[in-house]
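Pulled from TrEMBL, these are the features on record:
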TRANSMEM  B:20-40  transmembrane segment
TRANSMEM  B:52-74  transmembrane segment
TRANSMEM  B:80-101  transmembrane segment
TRANSMEM  B:113-132  transmembrane segment
TRANSMEM  B:144-163  transmembrane segment
TRANSMEM  B:175-199  transmembrane segment
TRANSMEM  B:232-251  transmembrane segment
TRANSMEM  B:284-303  transmembrane segment
Amino acid sequence: MISERTQAAIDRFKSKADGPLLEIEGIRKEFPGVVALDDVRLSLRRGTVHALMGENGAGKSTLMKIIAGIYTPERGTIRLRGDEVTLSGPLDALERGIAMIHQELALMPYMTVAENIWIRREPLNRLGLVDHAAMARRTRDLFARLNIAIDPLTEVRFLTVAQRQMVEIAKAVSYDSDVLIMDEPTSALTETEVAHLFAIIRDLKSRGIGIVYITHKMNELFEIADEFSVFRDGRYVGTHASNEVTRDDIIRMMVGRDITDMFPKEPADISDTILSVDGLSLDGVFHDISFDLRKGEILGLAGLVGSGRSNVAEALFGVTPATSGRIRIDGQAVRIASPADAMKHGMAFLTEDRKETGCFLPLSILENMQLAMLQDQNVRLGFVEQRAVNRQCAEMRETLRVKTPSMDERIENLSGGNQQKVLIARWLLTRPRILILDEPTRGIDVGAKAEIHRLISRLAGQGVAVIMISSELPEVLGMSDRIMVMHEGHMTGILDRAEADQVKIMELAAR
Amino acid sequence: MDNVQIEPAARKARRLPADLGILMVLVGVALVFEIMGWIFQGQSFLMNPQRLTIMILQVSVVGIIAIGVTQVIITGGIDLSSGSVVAMTAMVAMSFAQAAGYDRAVYPSLTGLPVLVPLAIGLGLGLLAGIVNGQLIARTGIPPFIATLGMMVTARGFAKWYTKGQPISFPTDGFAAIGNGALPVFIFLGVAVIFHILLKYTRYGKFTYAIGANAQAARVSGINVQRHLVKVYALAGLLSGLAGVVTAARAETAQAGMGMMYELDAIAAAVIGGTSLSGGRGKIFGTVIGTLILGLMMSGFTFLRVDAYYQEIVKGVIIVAAVVADTYRQKGRGKAGI
């Protein structure tokens, strides 16, 4: 005989079990002077991957941080397993079963994997001291369940990015979290690592865990996500099952307009050879790289992460000078021992990592933009010719359509796409003849991406020689006149635009 | 952070400019002492030009050092050697500034030299100390804290060794004139104006901020980071040398114990004035105000007859409070700090 009350409790439990794992509604979040989110909702079901899509600045990261307890919304409700909750901080969220895998990985490099996972919850022995053996054992059990092959006693600094991510995921699982937030987890992974990550994600799904997944990569959406929600300018646009829409539908939802041509490389006059590289090597990193680059040409540089693509770019620009080989510019042999040398020869280099080697985060947009152009011009007797500089920077801001209320705004307040535009502006203001771009559109929304592609194409049209490194094959294929492929520090081939396709590139890149 | 809709109205009302903020702290501190003055001493604190002149005179030397230290901190570094370099340069400069015919001079045959000689030697020695700091940091890659800590101990040791601990006195009138009257105040303010211009309007300044904001990005942007750091530390050393000359001239004597803890007062002045110890942010204007706040506090406590021991306790608390306040102010701030 079941009493009425018990029955009610059972019903409530059932409805909770069937209802959404996490449900948020009417969320509003403001920052000084900015409404980042307004009336946003999201519903995450158990055992599903729910992707958040949107251009940079759409509010995805803000929403994610609200779910993870990092930000407190001004308005709106969060229901976790049916109960309304207020998250007082990341720790509170974690203890309630919401874990976030950070984009900037948040592990302590000089501590072991096991120590990182069990921090704050270390198993103790009878004397109240940390029981390292038990900790290692627990870690091994955890890893075995998740199919992760990492030694728990390795210090985190020796791990690859992919391995660190696995550790973060294992840590989240160790908290019995059933809501997992992943912010572009594949942005620094190789194809095999992505496959491994997806296997783990599928396993987590089968255990009933719900995953909020932020990505800019369309193919990932179709491969791993069950549902997706689109955001635009801080507002909720809609939620759909990922098997009922096309790529174009999603892009339309994200940008609110059609983008017909994603990779608009226009034909340019390709004339004289400007850069000629012969047998360039950096001991232990890459070997015997030779190629010519002509004015107006875009040379794509493809290869897996770790194949030495970026190292070649850094050597060309003098960041880490090559140990042997010859570089000729306009037929003249040149020595490039520092970025300043490279700049004297009309080179510019947009680095891969905006935060580490690109932005001056505490400084304004103007300061960020003008820095490289002060190297050998726009300065008289040590004084910056600020009026002329301001004018050029303002023009560049117009041309690149940097969205900002003021040039005095700090660059850290801009979205990724706008930051990237500022950095591109920094280099264009030096009026380069040879432009090296390392992942120019990484982590950038579709709209800004197309703008940047159009810009690169236009520069080539004006006779600038471009070397473009990219992990996205469609981008490389769409933009490049020729494609050089690298594998483990060696050049494995150069393909012409006409003969290149994804299969050929992957064959050369993966061998 | 994802920023979208910009609402100009909200932005406008958000906060005061940083310059005004620090200025208001200065005014606030002054008013507190003014009120306390009437309550406890029955007289005005501010309406006493002589007291204010002495106050600024007392902090001028620290102010000169603080300006050099500010630009070092903007690069993300630190200079702990400035106080000791003051002592070293004061001693050496004074030894070449002794009056003619003074038979117990350090160099009896080199007395009565024109003022330019000790001045140049003092500045040159400070510059040299700064170059050594800079080269150590740039070439070996050791942390600025360690490099300048070494210089701090070494320079103090040198100052003591120089005369085996004996003070040096009897300068020429010309040398003593450097410290006469309010001249140190004008030197302090003159240096402040020059470095304000240097940091704000020249390539040197732009590069200084850039290195502190992100040294890696600065290098990729074509800046020779090592060479620039040597310049920054060299200028800081030069200003310590100038401070040493002014100190000796004003006291008309030089002792190895001069400038004790000045490096910490200088760092405190910079930090109170809003310079960020993590680099990339700071202004000379803020440092000047920070220096005046320190001076006002010392002078105010003395005026209120607060025990010197309490003064130090309170000073320590205020320095930490200033940084805490600044940290909160930085959060959620939109505009760049320079």
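Glycine too: its Cβ is placed from the backbone N, Cα and C atoms.
Values in this document were obtained by computation on a predicted structure and should not be read as measured data.
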Please indicate, using numbers and ranges, the residues of the same chain that are 6 or more beyond the transmembrane segment (B:144-163) and have a C-beta under 8 Å from a C-beta there.
72, 77-81, 83-85, 87-88, 90-92, 95, 106, 129, 132-133, 136-137, 233, 256, 258, 263
May I ask which of the stretches B:20-40, B:80-101, B:113-132, B:284-303 has the most CB pairs under 8 A with the transmembrane segment (B:52-74)?
B:284-303
If you count every Cβ pair below 8 Å, which range out of B:80-101, B:113-132, B:175-199, B:232-251, B:284-303 shares the most with the transmembrane segment (B:20-40)?
B:284-303
Cβ under 8 Å to the transmembrane segment (B:232-251), counting only same-chain residues 6 or more beyond its ends: which ones?
57, 60-62, 64-65, 67-69, 71-72, 75, 77, 79, 81-82, 85-91, 93-94, 97, 118-119, 122-134, 137, 144, 171, 175-180, 184, 187, 191, 208, 258-259, 262
What residues in the same chain, six or more past the boundaries of the transmembrane segment (B:175-199), come closer than 8 Å to it by Cβ-Cβ distance?
53, 56-57, 60-61, 63-64, 67-68, 70-71, 74, 93-94, 97, 115, 118-119, 205, 208-209, 239, 242, 245-252, 283-285, 287-288, 291
